[in-house]
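Data block below; observations after.
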Amino acid sequence: MGNWIVNHGLTAFILAVWMGINIFLFVWFFFVYELQDRFYYTRHLLGSALAWARAPAAVLNFNCLLILLPVCRNLLSLIRGSFMCCGRTMRKQLDKNLSFHKLVAYMIGLMTAVHMIAHLLNVEWYNNSRQGVYDKLSTALSALEDEGNTTYLNPIRKTDIDPQQIPTYFVFTTIAGLTGVIITLALILIITSSMEVIRRSYFEVFWYTHHLFVIFFIGLVIHGAGRIVRSQSVTDPPHNYTLCKDRSDEWGRIPECPVPQFAGGFPQTWMWVIGPMFLYLCERLVRFIRYMQRVTYRKIVMRPSKVLELQLVKNGFKMEVGQYVFLNCPAISQLEWHPFTMTSAPEEDFFSVHIRSAGDWTDKLIRNNCCSCKVPFIYLWSLPRMGVDGPFGTASEDVFDYEVSMLVGAGIGVTPFASILKSIWYKFKASNPKLRTRKIYFYWLCRETHAFEWFADLLQVLEKEMEERGMGDFLTYKLYLTGWDQSTAQHVTVHFDQDTDVVTGLKQKTHYGRPIWDKEFEQVRKENPTSVVGTFLCGPEALGKVLEKKCVKYSDVDPRKTRFYFNKENF
């Protein structure tokens, strides 16, 4: 339990607070509409469906306030920068922004379903009351005339059409009904297109459909203007429902029972979402300004396994290790922006990204640029324009805050660690005294041998640099080939006794298969018995779950002993 608290304590506390607020809002507003006297007559028409409609609405307001904040990338970078003086655990929460965004979206989806079902029942019961299906009081309440939009209770006013068609007519002709249909359809499309299988295989569908959030928020703000849920207003003399509910025939005829008056509640949703909407508009303005700034090509290299390396230059661009940028190519799509971790070091006068073919957008980008890989520098100016938004901070930014770091990259997931390893080389070259890290373990898992060619030259330089400085123990790296054929196996067997690896040319031999993580964590703990170890992953979710469990398993509650902190890249 103590190990779990070390890695997940603050996250669990934040989620508990969020869930507690949701529960409080639901329960509070449920009992407001279920018990308050001013809703007595409304409850008589609708029963508990009134409370079941309004309580989720309050939870929806709260979560719609939150949903945009985790995707305000520049705001999060600003906050992350202000937390640099705070603990790494606090900054770590910002790296889980997309997970929280999804969690809030699930809550919005759930509450929307409850809210919608309850209101569908409400419309049916409003219609039945209007047709006189229920008791005398329901009929009297529904028959109240509309005098200046203050007297009536039942929002269904039209009675000259087929009673069976009235609910449909009401839903599609009132502000509340029509906007409710629009925002529900928008939400369904947004959520379904966000499924993992669609997002991975048809990213464009996910990207464009997600922008229906604009329609969702516009409809959400207008939705409450219909004021279909009405409560009893205070009158002089007052209308006492306990005395008058059974004397509807005498309403307005005796002083004790004046005709009850009703009014719709003041729309409140806009007050919840106006702040986040303004922040998001500022976010988009910042992105547009960055998009308009000029970006020039420095170099284009086509790497093995259909990986394109772009080296770019932008005035005033400053980065840290492990950060990422969003790229846009207007020649392919004006609206699509895709995140890529930078592989360059902050000490370099350019920034670079490695782009693997993984969909329509990346395929088109590679096709547009690969033919230019050998074009003289002067002709690079004629290449498609690139828009760059960023840089943005990630968990890997904190790698130098740990005494010991474990870096785990899978395939193209090695990119943030390339930036880190390059920066280490520059720091050693400049004899940087601020380098706090004293040990790095680097694990790279690849399915094919060609992938190792991306950064094998970098590892060779680092290997040589460490040996010359007598710091061979500073960097321990292990490369794992998880897929190979018979010819590869035979080639390795024949050249097994060579001093350098036949696959990478490095002194460190390539391992075949997958790491035994228990063995690796046990070794790190044994070699660093009193250290705080940062474990960083850029790779698949399944591997992340394994490493997260290992961090919990091998962490010690005693602060004087080894503790592992798990960090994962999230885009």
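The backbone N, Cα and C atoms fix where each Cβ goes, and this holds for glycine too.
Across the domain 'FAD-binding FR-type' (278-398), the prediction's mean pLDDT works out to 81. Taken from TrEMBL, the feature domain 'FAD-binding FR-type' covers 278-398.
The transmembrane segment annotation in TrEMBL covers 12-33 (among others). Non-local neighbours of the transmembrane segment (12-33) in the same chain are 39, 42-43, 50-52, 54-59, 62-63, 66, 93, 103, 107; each lies 6+ residues outside the stretch with a CB under 8 Å from one of its CB atoms.
Taken from TrEMBL, the feature transmembrane segment covers 53-79 (among others). Note on the transmembrane segment (53-79): residues 18, 21-22, 25-30, 32-33, 94, 97-98, 100-101, 104-105, 107-108, 111-112, 114-115, 118-119, 122, 213, 217, 220, 229, 268-269, 272-273, 275-277, 279-280, 283, 286-287, 326, 389-393 of its chain, located 6 or more positions outside it, place their CB under 8 angstroms from a CB of the stretch.
For 100-121 (among others), the entry in TrEMBL reads transmembrane segment.
TrEMBL lists 169-193 (among others) with the feature transmembrane segment.
The transmembrane segment annotation in TrEMBL covers 205-225 (among others).
The transmembrane segment annotation in TrEMBL covers 270-289 (among others).
For the domain 'FAD-binding FR-type' (278-398), the DSSP-based tally of helix, strand and coil residues reads 36 helix, 39 strand, 46 coil.
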